[in-house]
Amino acid sequence: MATNQRTTRAAKPTKNGKPTRRTTKTETRGRGADDGQEREAFLEKAREDFEQRLAAMAADPAQWIEFVETVAAWGARYSLGNQLLLMMQAAERNVEPQYFLPYGSKDRSTGWLKYGRQVRRDEKSFKVWAPVKRRPSEDEAQEMEAAGRKVRRDPDGRPSVQVVGFRLASTFDLSQTDGEPFQVPTVQYLRRHRQATSTTPRLLEGDDPGDAFDDVVKLIKDAGYGFELAPPGSALLGDANGMTTGGAVMQVRVRDDVSPAQRLKTTVHELAHIRCEHLTSARVGENLHRGRRETEAESVAHIVCAALGVDTASYSDAYVLGWANGDLDLVKACAATVLRVAKTILIDLATGDPDPDDVEEDPTTMPGIPSVDGDLR
């Protein structure tokens, strides 16, 4: 008899006599549709939350400071989009995450498996944007270039392996795992460990945990700038705590009569000006209002110093974001710069090498690149 209903064959018994259940094509398509709807709902919520958080940060300096505090607590490991995406999910679950890693590869070389820890069964993952990298075809490369996107190419002219899209990937907090003891690899911990195992260990003393000042000065000098401590009121310094002069001078000066903690913070602040390219023509066309330059540099300094274990409780400068006038694009660009620069400085002060499990890119930092389906389980 003809029917419009889909039927399946009876399940064949297994060796032990128990039947196995087959999944029909209808069921598979239905589950796929449900996953797609769940994904779209998640993305829409994430987009709304992203805009709301940016708007709050633009309108209220206290919201910006709260954002910077969270970035500092998480070690500046994430791009702007992923930082806000994880903050949204943490707020929904009313949890304070400690450290995120993916489940891990089968060979146990990455993620939690690398550290002998297992994600507990039925734990719900957090989602982050992960880049999809492959070599685009020539046709795809030409379409990308026609859309205004830069395509990296090999010496022979072939498109190089590069980011062609983004997917939602799963990551889990330390609190969702069991296994071997795990020390959160903060920058302060990594520096102490490196010094303890060095052939020329240095004593940790004063208000500069990890003795980071000399390393920050080295980063300034590596950028081509001279550095000196100077008395307040001296040439190029005036009444400022620190001053960076570009052009033909290329000099950083920091007051010599402040505490070690303040000296370190001011020196990081000046390094941030250099890393944010405030003194070069690289950011021509951007609205580099002085308030924005100071907001970027001071925020980077706060994040870096907090990661180093330096007391930064005095960070509450009222000028923060006063220059933005509620412009979300400016706030987004400022936040992205702060995260990028803080991350690079912390990497240089810790190990010099980025963590392969860190996700550094997302659709907000590389606009115009499409997202692809991801796992929402």
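Placed from the backbone N, Cα and C atoms, the Cβ positions cover glycine too.
Taken straight from TrEMBL:
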type	residues	note
COMPBIAS	24-39	compositional bias 'Basic and acidic residues'
COMPBIAS	354-363	compositional bias 'Acidic residues'
DOMAIN	70-146	domain 'N-terminal'
REGION	1-39	region 'Disordered'
REGION	133-158	region 'Disordered'
REGION	352-377	region 'Disordered'
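For the domain 'N-terminal' (70-146), the number of residues in each DSSP class (helix H, G, I; strand E, B; coil) is 31 helix, 14 strand, 32 coil. The average pLDDT for the domain 'N-terminal' (70-146) in the predicted structure is 91.
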